[in-house]
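The structure's right below; bear with me while I get my questions together.
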Amino acid sequence: MSVIKMTDLDLAGKRVLIRADLNVPVKEGKVTSDARIRASLPTIEAALKQGAKVMVTSHLGRPTEGEYNEEFSLLPVVNYLKEKLSSPVRLAKDYLDGVEIAAGELVVLENVRFNKGEKKDDEALSKKYAALCDVYVMDAFGTAHRAQASTHGVGKFAPIACAGPLLSAELEALGKALGNPARPMVAIVGGSKVSTKLTVLGALSKIADKLIVGGGIANTFVAAQGHNVGKSLYEADLIPEAKRLLETCDIPVPTDVRVATEFSETAAATLKPANEIKDDEQILDLGDESAERLAEILKNAKTILWNGPVGVFEFPNFRKGTEIVARAIAESEAFSIAGGGDTLAAIDLFGIADQISYISTGGGAFLEFVEGKKLPAVVMLEERAKQ
């Protein structure tokens, strides 16, 4: 995967436009979770340090395209950056016809989704973005799977288009886990539905030595073995697909589970064998025996790809399976990469972030990469590197 890297360029005096992922939750004008901004800070600081004229932009939320809406303004992000950076920081609302900017200054360009044509990758808008800069830096892996004007179109017309440090690290980590992984390679796919992760399961079944399934996905596999799953969330129409995967890949299906008679935080958990589930019960977590078996597999792994919890970890009574698996990943000497919103929430809950080799910032982009799909932004950067 050969792309031009921002770290290889001399940015002194250049107008640099960074497309970051600053799509953070905001409440009453304040940023409530700063993880994505924190991840982008080293890229911004590196460009400023070189004496570049730095512009950074992002989307935030889902405003009506082409209309300004204060609720989705990047102003709270600007206020946050002012506290963290020693350089001057300001917000530019009307910037499509040009921005006056000094070396060592940071200008945040207002929410790209306020511009008509952003989502449709409009060529005229892409050219306006491109005219603002000498160097375009794509650093938002989380939106690399969408061909939009600020993530894709602009890169086709900017004098130079390169990958930022975050995007480069993300592609390297995914390449290491999927391209030529150290073996045994173990993949974990959790989540509620097989249907939404079908292509991911299919792709990983060809790469992984063992494929661990969790959550509602695992219930479909339990059902595929002929067991009653009661009121559990599962997909009867995908049982043939589950059976096919069981034949082609090593999938350790749970042998014991935690069940409840209702889906609620206060529901009592009952531990039982997977072949003894009653009609009024639903599986909400792995049993201890199954979780410990997975922990053993993970401890011996050399590469781990983790996407999704193995139970309803948001409910304390059904957290144990995910915790055992999470701690086994943290303690394993394997190269581990984790991605997806629920997975990141579990990592935070158990406080193991510094024990995971690489935590992916992209949800949909992470999954599409795992599926083997080409990400439009990455394809564009590869094409520009050839020119």
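Cβ atoms here come from the backbone N, Cα and C positions, even for glycine.
Reproduced below are the annotations present in Swiss-Prot:
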BINDING   Asp21, Leu22, Asn23, Arg36, His59, Leu60, Gly61, Arg62, Arg113, Arg146  substrate binding site
BINDING   Lys197, Glu314, Gly340, Gly341, Asp342, Thr343  ATP binding site
Any idea which of the binding-site residues Asn23, Thr343 has the thinnest Cβ neighbourhood at 10 Å?
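Candidates: the binding-site residues Asn23, Thr343. Fewest Cβ atoms within 10 Å: Asn23.
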At a 10 Å cut-off from the C-beta of Gly61 (substrate binding site), count the other C-beta atoms across all protein chains.
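Around the Cβ of Gly61 (substrate binding site), 14 other Cβ atoms lie within 10 Å.
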Work through the binding-site residues one by one (Asn23, His59, Gly61, Arg113) and name whichever has its CA nearest to the CA of Thr343 (ATP binding site).
Asn23
Based on the record's binding annotation for substrate (Asp21, Leu22, Asn23, Arg36, His59, Leu60, Gly61, Arg62, Arg113, Arg146), what whole-number value in Å is the widest Cα to Cα distance?
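Taking every pair among Asp21, Leu22, Asn23, Arg36, His59, Leu60, Gly61, Arg62, Arg113, Arg146, the longest Cα gap is 18 Å.
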Which one is closest to Gly61 (substrate binding site) in space, judged by CA to CA distance, out of the binding-site residues Lys197, Glu314, Gly340, Gly341, Asp342?
Gly341
Going by C-alpha distance, which of the binding-site residues Asn23, His59, Arg113 is nearest to Gly341 (ATP binding site)?
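Nearest by Cα distance to Gly341 (ATP binding site): Asn23.
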Between the binding-site residues Lys197, Glu314, Gly340, Asp342, which lies closest to His59 (substrate binding site), Cα to Cα?
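Comparing Cα positions, the closest of these binding-site residues turns out to be Gly340.
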Compare the Cα of Arg113 (substrate binding site) against each of the binding-site residues Lys197, Gly340, Asp342 and report the nearest.
Gly340
Which of the binding-site residues Lys197, Glu314, Gly340, Asp342 has its Cα closest in space to the Cα of Asp21 (substrate binding site)?
Gly340
Say we define neighbours as other CB atoms within 10 Å of the CB. Which of the binding-site residues Asp21, Glu314, Asp342 has the fewest?
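So among Asp21, Glu314, Asp342, the binding-site residues given, the one with the fewest Cβ atoms within 10 Å is Glu314.
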